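Taken from Swiss-Prot, the feature (6R)-L-erythro-5,6,7,8-tetrahydrobiopterin binding site covers S103, W444, F457, and the record attributes it to similarity to another entry. According to Swiss-Prot, the feature heme b binding site maps to C181, Y472, an assignment based on similarity to another entry. Per Swiss-Prot, region 'Calmodulin-binding' is recorded for 491-511. The annotation domain 'Flavodoxin-like' is assigned in Swiss-Prot to 521-723. Look at Swiss-Prot and you will find 527-531, 669-700 tagged as FMN binding site, backed by sequence analysis. If you look up Swiss-Prot, you'll see 603-622 marked as region 'Disordered'. According to Swiss-Prot, the domain 'FAD-binding FR-type' annotation covers 776-1021. The FAD binding site feature in Swiss-Prot is assigned to 811-822, 954-964. The annotation NADP(+) binding site is assigned in Swiss-Prot to 1028-1147 on the grounds of similarity to another entry.
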Amino acid sequence: MSNFFKICCVKDPGGSAKENLRKMDQVNGHFVSATCPFSGESVELKVDSNQKQVKPNLRIKVPQPIRLKNHVAHDENFDTLHSRINEVTHFNTKCSEKVCQTSIMDIPGRGDTPRTAEEVFKDAQAFLTQYYASIKRENSEAHKARLDEVKRELKERGTYQLKTSELVFGAKLAWRNATRCIGRIQWKKLQIFDCREVTTASGMFEALCNHIKYATNKGNIRSAITIFPQRTDGKHDYRIWNPQLINYAGYQEPDGSITGDPARVEFTEICMKLGWKAPRTPWDILPLVLSADGKDPEFFELPKEIVMEVQFEHPEYDWFKDMGWKWYALPAVSNMRLACGGLEFTANSFNGWYMGTEIGCRNLCDESRLNIVEAVAKKMGLDTNSFVSLWKDKALVEVNIAVLHSFHRDNVSIVDHHSASEQFQKHLENENKSRGGCPADWIWIVPPMSSSLTTVFHQEMALYYIRPSYDYQEPPWKTHQWTKSDGTKTVHRKFHFKQIARAVKFTSKLFGRALSKRIKATILYATETGKSEHYAKELGTIFGHAFNAQVHCMSEYDMFSIEHETLVLIVASTFGNGEPPANGVDFAEHLFQMLYNETNNNRGDGTSDLGSGTFKTPTPKSLMRSNSMMTPSFEYKRQLTRLESNKSSVAGASSIEQIGPLSNVCFAVFGLGSSAYPKFCHFGKTVDKILGDLGGERILELACGDELYGQEQQFRAWSSKIFQVACETFCLDENGMVKDAKKALGDVPLTEETVRFGKYQGDTKLKAALEASFRKQLITCKVKENKNLGDFSADRATVFVDMQPETEFKYDPGDHVGVLACNRKEIVDAVLERMKDVDDYDKTVQLQVMKETLTPTGAIKTWEQHERLPAVTIRQIFTRFLDITTPPSTTVLKYLSKACTDQNDAAQLKELAIDSNKYDDWRHLHYPHLAEVLAQFPSCRPQASLLAALLPSLQPRFYSISSSPLAHPHRIHITCAVVVYRTQNGQGPMHYGVCSTYLQNLKPEDEALVFIRRAPSFHMPKDLSAPLILVGPGSGIAPFRGFWHHRKHQIKNLIPNKQKPGPVWLFFGCRNRGMDLYKEEKEKALADGVLSKVFLALSREDSVEKKHIQTLLEDEGAEISRMLLDENGHFYVCGDCKMAEEVQQKLKEIMKKHAKMTEQEYEEFILNLMDENRYHEDIFGITLRTAEVQSASREFAKRTRQESQKSQT
């Protein structure tokens, strides 16, 4: 170790070096610099009483690490945390230079004097620095603004409020800093119940009953803390008078003996003085004594049904259970003060679970407690007359064996002292790595039995106190200022738990709602079409009955907050062929990064097992896009449940490495997707797996909703189940509002009485209305040309549309254009004819929804603007804003059944809404639009306003841009396959694709509204020398037309003889030569050298061998392999998902054959291509143009679903 004390003195007896030094002063024969080189302070010569000059003390202390040895492992570590005065808030010990007082019971506190604003701000500053550092925002604008906010609150009110996330962080950190706790390795797994809104003792009681029930969890103990309002002026404190929430009473008998627990005699007398009628048995549960807002205390008897007790028996001694000894399962400390951020929370209760010796040694065998050791020894037949027989030790061991055995028998969480010691050693190692130290009180950490046999006995520890912290405080009966002179109260309250759970028994309805919403439920969604958002908001409405439900889009969510969440629900769509929607990409990458960081931290060497050989470690993006849900080879270990980790002394030691960053987060995932895609619900599955790998507690298995088979019914079933499970998890199942929510689960969310078309004064432009509804900046384009490509037929056409935008815009080849289409006029007119509450379809109206707001004076109902639909005419709503061509959802059918006057119509609609199989068959056979449904059930006359609120939005359709900004400035070209098909297996009415037929029918000078969606993963490489392999059958050629036009202009700008463009190979497929799109253009590009080779696969050409694109790829496999491996080639695929899957499988065969790759090497190879953005996919769903394709698609989707279900089991 280097010298940590520097002395700023130089001795120069000869004076030869004097001129080389700064100005020096001479003190007792030494030359000393006039200023200290470390502090810059000037030197003042001091004179003692004998007029002798005294050398000033210029020693500068640099923080010195404390070396801590382990005398068994023969290793050492160095504690530096104690010296980081700028990062942590210290408070002093009672020890002096001459006397060590660490064995004194009380940790020094600061008394009950309220803190000054200056003292509070100093601690707040230190705490907020730690908080913002934990979320990687230290010294950010948010950090500075928060400090300013705290300073302003302190100036105005003398105190401030911690935000919920800050309180959660502080409560966990206080446990982490608890010097006397051996079980701190679990510090991240602490459920916080924020009860700072509670104002009465009865409210405190209800909250603590909920805490007991939640934490007990039928024996599978969960760590939790309930926190009540902070101290303000010291005159309005909240206090829990009980040392623990559950305690046995102790009674002093006339003969001096004690019945019950001797440690609770004083508090028992307090309870009796307050009016508690004590049964005076050895095992009486003491009532809770609570005081709120500085008022006199009230006592409340705990319901017996929420207090779990363990009756003791011994595995070998039958007489042991006859002794009648028992103990409560939940150790919930309630007499300490939480100091956090300068604030003091005088009323809080926290719990972990027992270490066996806490009961077996301290509670049962201490002489000052139940002291059963002699009774046990005599039952065992031991000689109790001589210490030499070690009868106490033998009896003590058997008592502890009985305790562990009985807890294990009842499946109640407990940990033996050896496992706890191993866990603490691991915690010590983790803390030294993560923050350079761990404050620990050796006297308390070392177990009271078999001390030297545990690892912690031989471990040196550094004891110091840092905040946030849990501090001892004076018992409230010693400090309380009574309003009654005799200090008594006669109110006696005794409740059953069902009464307690109904908050209205104690408080107003408003407060009851506040109590039920202490637990935060964060609902996150990622969506492309808006369906996930709709489901997420619906889920938020359901959870809002019983939780503090907050709904966020993933792109708007602060990912650094996820570690501090309590309950996270994910509703996530999958976009394209397995990728996240655009607003879910950052969320996914952050999750992957968390997993990488956690894994590397666990490894300790900062390396990763991902990848091998010459391939790079795959990035989150490539893992998300990969062909199957790739799992990193490090395979993060499964998170054990609390019961698994602690019910066995063996399991306790083995589970200590399983605590991930999300260990305290409960979660569930609902994935949306289409089984027409091979990577069905891939994004949802990936998120579900990573959340679990990061330590999250999955409270319900992943559910997948299939767009092609009962997605809505699957969501309804899942939402009902997850709500029930969440309520059970957080012990809200008896809450009255929970019952209301469960009742509302099966109802239509809106009614005819809560939705209306309101009057609107003003003029709304259609473009502005669409921009507001779809949250997009739209571009108005004029059609310049619209023509058919290839051979035209009624049921199979592809059109080319040339548009000229009216404003400036930017795009790159490979990007998409979103088109806002119109519903067909005949369908809109047929629907409007059946509406019953509209007299003028062309008058501007505002769709309004009734909202109910709960206030202290009652519920207030107001009409508010619908969040999705702006003020336009009803005809415009059904033409431009609502999807009326997709078969109605079961929610809509449920409402339509209520709008029928004929009972048979109503019954049939209701049956379709309830029976998912019948609905699915009806949907696929008829694929009816709304007008056809109304025609099928003629007595149905719905209300237009309610129907508008229930129908989904008409989503924009996306097309790959077929032009180049270099070749076609100020233009956008679209290549669109027109969708036309007959339902009912080809025998039904003709159906038309909404957007494709809209584009087909546009005439020159017609206007269309569009927007650009970037597709950076499908752009052309900047390196023109890179080979391009383009694969696109049918309309999949669309983006590649833009590529070759763009490439032609790029080649013009190349320096002759210095830059050579790489080869471009185009693989195109169609049925026959008449459908060979852009044939002349391809031939010209080939002649100009822009395209190097063009391959044509004809699948139904007469007199020609039938071929598919995959066959052509196989024929050119050797060259493809060479271009990808040796020339950094790029591989592009555009087409439907089935084709894309088949192409990738063919590429796998090619690389195995020509590059001699194994399965694992190919997986790493494809990941590497994706990482380098050299494998590109532009995928769309299978177009249901014919009965043949529709049937094939459904069979393919069925197989995908079955394979997906197998992979989940």
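The first residue you see is number 1, and the count goes up from there.
Including glycine, each Cβ sits where the backbone N, Cα and C put it.
Surrounding the centroid of the Cβ atoms of S103, W444, F457, where the record places (6R)-L-erythro-5,6,7,8-tetrahydrobiopterin, the chain contributes additional residues within 8 Å, namely D441, W442, I443, I445, V446. The binding-site residues examined here are W444, F457, Y472, Y811, F1043; by Cβ neighbour count within 10 Å, the least packed of them is Y472. Over the domain 'Flavodoxin-like' (521-723) the predicted model carries a mean pLDDT of 76. Measuring Cα to Cα from C181 (heme b binding site), the binding-site residues that fall within 10 Å are W444, out of W444, G814, L820, L954, R1073.
Nearest to L954 (FAD binding site) in space, judged by Cα atoms and limited to the binding-site residues S103, L694, I699, D1088, S1103, is I699.
Looking at the residues that bind (6R)-L-erythro-5,6,7,8-tetrahydrobiopterin per the record, S103, W444, F457, the two CA atoms farthest apart are separated by 16 Å. The binding-site residues near S963 (FAD binding site), taking a 10 angstroms Cα-Cα threshold over the set T527, G684, F1043, are F1043. Among the binding-site residues listed here, namely S103, Y472, R957, R1073, D1088, R957 has its C-alpha nearest to that of T527 (FMN binding site).
When the neighbouring Cβ atoms lying within 10 Å are counted for each of the binding-site residues (K679, K689, R957, R1073), the highest count belongs to K679. Cα spacing between F1043 (NADP(+) binding site) and K689 (FMN binding site): 38 Å, rounded to the nearest whole number. Looking only at the binding-site residues S103, W444, Y811, S960, D1088, the one with its C-alpha closest to S674 (FMN binding site) is S960.
For S674 (FMN binding site), the count of additional Cβ atoms within 10 Å of its Cβ stands at 22 [all protein chains shown]. The Cα of L1028 (NADP(+) binding site) lies closest to that of K679, out of the binding-site residues K679, K689, L694, L820. The Cβ of L1028 (NADP(+) binding site) has 25 neighbouring Cβ atoms from other residues within 10 Å, across all protein chains displayed. Listed binding-site residues: G684, G814. The one with the lowest count of other Cβ atoms within 10 Å of its Cβ is G814. Considering only the binding-site residues F457, I699, Y811, G814, S960, the residue whose Cα is spatially closest to the Cα of S1103 (NADP(+) binding site) is S960.
In the three-state DSSP assignment, the secondary structure recorded for S674 (FMN binding site) is coil.
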